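What TrEMBL says about this protein:
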BINDING   B:12-15, B:36-38, B:71-74, B:94-96, B:123-127  NADP(+) binding site
BINDING   B:Trp150, B:Thr175, B:Arg201, B:His251, B:Asn278  substrate binding site
DOMAIN    B:5-74  domain 'Gfo/Idh/MocA-like oxidoreductase N-terminal'
DOMAIN    B:124-277  domain 'Meso-diaminopimelate D-dehydrogenase C-terminal'
Protein chains: 2
Amino acid sequence: MAEKIRIGILGYGNLGKGVELAIRQNPDMELAAFFTRRAPEALKTQSPDVPVYNVKDAISKKDDIDVMILCGGSATDLPVQSPEYAKYFNIVDSFDTHAKIPEHFANVDASAKEGGHVAFISVGWDPGMFSLQRLIGNCILPNGKDYTFWGRGVSQGHSDAIRRIKGVKDGKQYTVPVPAALEKVRAGENPELTTREKHTRECYVVAEEGADLARIENEIKTMPNYFADYDTTVHFISQEELDRDHSGIPHGGFVIRTGTTGADTKQMIEYSLKLGSNPEFTSSVIVAYARAAYKMAQEGITGAKTVFDVAPTYLSPLSAEEQRKNLL
Amino acid sequence: MAEKIRIGILGYGNLGKGVELAIRQNPDMELAAFFTRRAPEALKTQSPDVPVYNVKDAISKKDDIDVMILCGGSATDLPVQSPEYAKYFNIVDSFDTHAKIPEHFANVDASAKEGGHVAFISVGWDPGMFSLQRLIGNCILPNGKDYTFWGRGVSQGHSDAIRRIKGVKDGKQYTVPVPAALEKVRAGENPELTTREKHTRECYVVAEEGADLARIENEIKTMPNYFADYDTTVHFISQEELDRDHSGIPHGGFVIRTGTTGADTKQMIEYSLKLGSNPEFTSSVIVAYARAAYKMAQEGITGAKTVFDVAPTYLSPLSAEEQRKNLL
């Protein structure tokens, strides 16, 4: 067997933990090291044999890591880390602030080229797999319309927003696609759907003792950007119920492209994900793109890349012949 | 606007007609010429301004065609045409005899490299879009299982087989996925499914006057390879009913990848197509890959390619910046 692809994990939250587990499912890879901003000895990983270093020592390990997976957040971590580490490593990140992707791409591209590395940005399922389906759907059915629905799943951002409200002890928010909207799209009706018509929001809230529930519910439902444009339901439950029934991080969604060909012939492409764990799935996507980053770097390719820029053959551990024989 | 991509269509059956219409939906392309084995003046196309040539003259037009789309059949046309024309043109074919793909790839690869062209083989939806989903699904969820279902849709091969039976005037066969099997797969049960459990076959048959219907039904249901391994229903109808209710060529299907990540977390990826016209959709896929062939050839890439070998960015008429901004 060829040498294994040595992966580094930088950041050990839900995503880092998911990457740790995903690597175990890929025999052509090995987890070489963790990098953390915490005290290394304080980090309890699920891989006791894998060394943990402080991020300050990352650059000194650059010859031991084939691909560094950056598992930080999009708000403040990745805008700094991705351009920084792309100078020294092939990297994969999951930058998901859609509006800032062009800027992030440009920054990462410059340092990846300077360092002679491949740097995948915005890898995951949206952006990521959903983007791929949108792009291909647009190319195949140019006379058509895209629909993306998210859920049923936990939105971390909306859950955080609930938890910031005074009197809220804990909470979880589910984004839910509206079945009637999905059915209209699938029926090829090409509906124009408002934000409210596409998704509803379900909140499970643990209030502090004696808190004003009516005020909390009202603050949630009228919160601009997060909830005001949606039909939102608020359920007050106990901490025990929340822990018992809402501890998972499921997610998923749908990308649908409807269009016509020839003399108004209806055609429909639908891609859907039903994910038991959002971060574990995102991690699994990232790990496949880490393989692609490694292979592309071996061919001398450099610069920032997205899921649009990689031929699918690079994602697979199989040879091109095996891919054609078994999967085409 | 940049110069348009000049497409040639070789073969004018259902697929050629679909390509003709698909090109009209892509403003960066133009249909430059048809090539036919028939007498050119006998070919009635839907594009009276586009010249029709005999295939014998194809090579003399090689400087007028950027990509030649080969619309012949996989049984006898493409095994000869694709290696032949890849010497002179960038080509796209829809070769779909799965078992012979490795051989076809090798033959086409040799002549495409000799001629310095890009030659896409096996483009369409299966092989094609379904293959892409299988490959990516396998890479993301290595600990999982693939399921491909076809239909509900018309199988040309099975319809032909019915029509060859003595006493049959006309007929159409639909391949239908078994709903219970689909549900088991979606529920993450990872069932082992036999051929019979996955699909049923529905036949609509017009018998000749006085024909022995019981014998025809029995011959269909017991026909090896085509029907014997399936639960098959046979409906005898009139030619008027067949023409009225079964004149379309719809198709579609499902590629489902189920798998687990982490500590047995269930994950599911589902891709489905619901096609009003199988050849028109296949043509639309082919035309998108013709764009990719053109762009890749401009970069000096040569040889045989499949859907696994092209970065999705090449399929799109948009710039990489626009793709990232609007679709990522």
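Using the three backbone atoms N, Cα and C, a Cβ is placed for every residue, glycine included.
All annotation found in TrEMBL is predicted automatically rather than curated by experts.
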Local Cβ density at B:Pro127 (NADP(+) binding site) - other Cβ atoms counted within 10 Å: 24
Candidate nearest B:Asn278 (substrate binding site) in space, where candidates are the binding-site residues B:Tyr12, B:Leu15, B:Arg38, B:Phe95, B:Pro127 and distance is Cα-Cα: B:Leu15
Subset of B:Tyr12, B:Leu15, B:Gly124, B:Pro127, B:Trp150, B:Asn278 (binding-site residues) with C-beta under 8 Å from chain A: B:Pro127
Residue from B:Thr175, B:Arg201, B:His251 whose C-alpha is spatially nearest that of B:Gly73 (NADP(+) binding site), among the binding-site residues: B:His251
B:Arg201 (substrate binding site) - helix vs strand vs coil (DSSP): strand
Densest Cβ neighbourhood among B:Arg38, B:Arg201, B:His251 (binding-site residues), 10 Å radius: B:His251
Around the Cβ of B:Thr175 (substrate binding site), the count of other Cβ atoms that are within 10 Å: 22
Nonlocal neighbours by CB distance (under 8 Å) for B:Phe95 (NADP(+) binding site), same chain, sequence gap 6 or more: B:Ser74, B:Leu78, B:Pro79, B:Ser82, B:Ile101, B:His104, B:Ile121, B:Ser122, B:Pro127
Most distant Cα pair in Å, residues B:Trp150, B:Thr175, B:Arg201, B:His251, B:Asn278 binding substrate: 18
Intrachain C-beta neighbours of B:Leu15 (NADP(+) binding site), sequence separation six or more, cut-off 8 angstroms: B:Cys71, B:Ser94, B:Pro279, B:Thr282, B:Ser283, B:Ile286
Per-state residue totals over the domain 'Gfo/Idh/MocA-like oxidoreductase N-terminal' (B:5-74) - DSSP helix, strand, coil: 23 helix, 21 strand, 26 coil
Integer average pLDDT (0 to 100) for the domain 'Meso-diaminopimelate D-dehydrogenase C-terminal' (B:124-277): 97
